[in-house]
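Asker: Before we start, here is the structure in question, set down as structure tokens.
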Amino acid sequence: MAAREEVLALQAEVARREEELSSLKHRLAAALLAEQESERLLPVSPLPPKAALSQDEILRYSRQLVLPELGVQGQLRLATASVLIVGCGGLGCPLAQYLAAAGVGRLGLVDYDVVEVSNLARQVLHGEALAGQAKVFSAAASLRRLNSAVECVPYAQALTPATALDLVRRYDVVADCSDNVPTRYLVNDACVLAGRPLVSASALRFEGQITVYHYGGGPCYRCVFPQPPPAETVTNCADGGVLGVVTGVLGCLQALEVLKIAAGLGPSYSGSLLLFDALRGLFRRIQLRRRRPDCAACGERPTVTELQDYEGFCGSSATDKCRSLQLLSPEERVSVIDYKRLLDSGSPHLLLDVRPQVEVDICRLPHALHIPLKHLERRDAESLKLLGEAIREGKQGTQEGASLPIYVICKLGNDSQKAVKILQSLPDLDSLLVQDVVGGLMAWAAKVDGTFPQY
């Protein structure tokens, strides 16, 4: 028995190390690519002045040319403007699409990621045939088909402290369409150091928000958020979900603000934050705090005079991928391969699925008992009663005096670890073996059952 436990512990530790190694390899590849790009980034010359619109341009942009607020001079400004878009996902796609359609002269596209099928519900520049291609090349191709006169400059790399300032200085306006906190601080600081306005938006579930930082003496991102939030409190779209239309609404609002800045009209949301609630169909505008004299980036005596280690500052990685928690020891975890062996052996046990009901409706293992993590966190009496009954029923298949092991599973292996901690703290269960399944159901789909849905 002791030997078997050691094998399980070692296998769990190997799985954990493999996951860490995979993450490190990804970061190394991104860093090497960024290093290469920083060494061979071609100079981007300023767009030449434009004295008049061609006959084709007058026809193409005729509906906006007749707007007195824009007119010919505004269109000429757009034609010589350049915009850097950080992130070619749910926000960046509609933003870039409308900027290209409106005739902005140059669009810089920054994204290290590739197109995945799960992107297509909201990232409207990409298509099924382009799965696996770098997002910036997919987006650039779509934009060129829309408007061949717009220059698209793809940067297939992660934005890093080594490259950000150089890139930002090449463009007139910057749009932050990223989905992680370290990149938000990085883009903000680069814009402050380069003296560029920053149009920033975010979207999650049915909600979104947009503002403009560092414009006309207004606040920057650090004025509003001097310190990053605890990493464990941050939810991204992969974890929390998002309705594609919501990212479309916010991306279009970003495009509107960028166009007004580029045309010389000025933005609407410098110093204020627009909140969008799609479920209730409401927009709400709130005033942000003014520029802080003691701001570390844009204050009177700034301490951020160069770009820094933002992943270290924020305690999280600069990616929109789900971060893996390490809350349990190897002895408290089991791989999906080992769990499959246990399942096939017919050994009595209880599998507890702690995902929300909405995820269980997508897919589930038929033999699992479902109790959402939130019910365990609040010690819901009905849920604990259900768990107790399942344990008593399961024990009927064990030898007399033997305990019933409990295995906890979720989507990715994070919530299951939290659930194990809770179960271990319950007095009625403290004598039972409780382990989480490493990698959750997505690991099950990848390593055990290729027909199991991934979401």
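Yeah, the Cβs are placed from backbone N, Cα and C, and that goes for glycine too.
The active site, glycyl thioester intermediate annotation in Swiss-Prot covers Cys237 and is backed by sequence analysis. The annotation active site, cysteine persulfide intermediate is assigned in Swiss-Prot to Cys410. Positions annotated as ATP binding site by Swiss-Prot, on the basis of sequence analysis: Gly90, Asp111, Ser118, Asn119, Leu120, Ala121, Arg122, Lys135, Asp179, Asn180. Annotation source Swiss-Prot lists disulfide bond at Cys314-Cys322. What Swiss-Prot lists as domain 'Rhodanese' is 345-453.
Show me how these features fit into the structure around them.
Answerer: Around Cys237 (active site, glycyl thioester intermediate), the C-beta neighbours below 8 angstroms that are at least 6 residues distant in the chain are Gly90, Asp179, Ala203, Leu204, Asp320.
A simple way to gauge crowding: the CB of Cys410 (active site, cysteine persulfide intermediate) has 25 other CB atoms within 10 angstroms, across all the protein chains here.
Within 10 Å of the C-beta atom of Asp179 (ATP binding site) sit 23 other C-beta atoms, taking all shown protein chains into account.
Residues within less than 8 Å, Cβ to Cβ, of Cys322 (disulfide bond) and separated from it by at least 6 positions along the same chain comprise Asn236, Ala238, Asp239, Leu412, Asn414.
The average pLDDT the prediction assigns to the domain 'Rhodanese' (345-453) is 93.
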Asker: Tell me which residues of the chain lie with their Cβ under 8 angstroms from that of Leu120 (ATP binding site), as long as they are six or more apart in sequence?
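Answerer: Leu120 (ATP binding site) has long-range Cβ partners His126, Gly127, Glu128.
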Asker: Name the residues of the same chain, 6+ apart in sequence, whose Cβ is under 8 Å from the Cβ of Arg122 (ATP binding site)?
Answerer: Gly89, Gly90, Cys93, Val242, Leu243, Gly244, Val245, Thr247, Gly248
Asker: In the domain 'Rhodanese' (345-453), how many residues does DSSP assign to helix, to strand and to coil?
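Answerer: Residue counts in helix, strand and coil order: 44 helix, 14 strand, 51 coil.
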Asker: If H, G and I count as helix, E and B as strand, and all else as coil, what does DSSP give for Arg122 (ATP binding site)?
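Answerer: The residue in question, Arg122 (ATP binding site), is coil (DSSP, three-state).
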Asker: Excluding near sequence neighbours, so keeping only residues 6 or more apart in the same chain, what lies with its CB under 8 A of Ser118 (ATP binding site)?
Answerer: Tyr455
Asker: Sequence gap of 6 or more, Cβ distance under 8 Å: name the residues on the same chain that satisfy this around Cys314 (disulfide bond), in order along the sequence.
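Answerer: Residues satisfying the criterion: Val181, Pro182, Tyr185, Pro228, Ala231.
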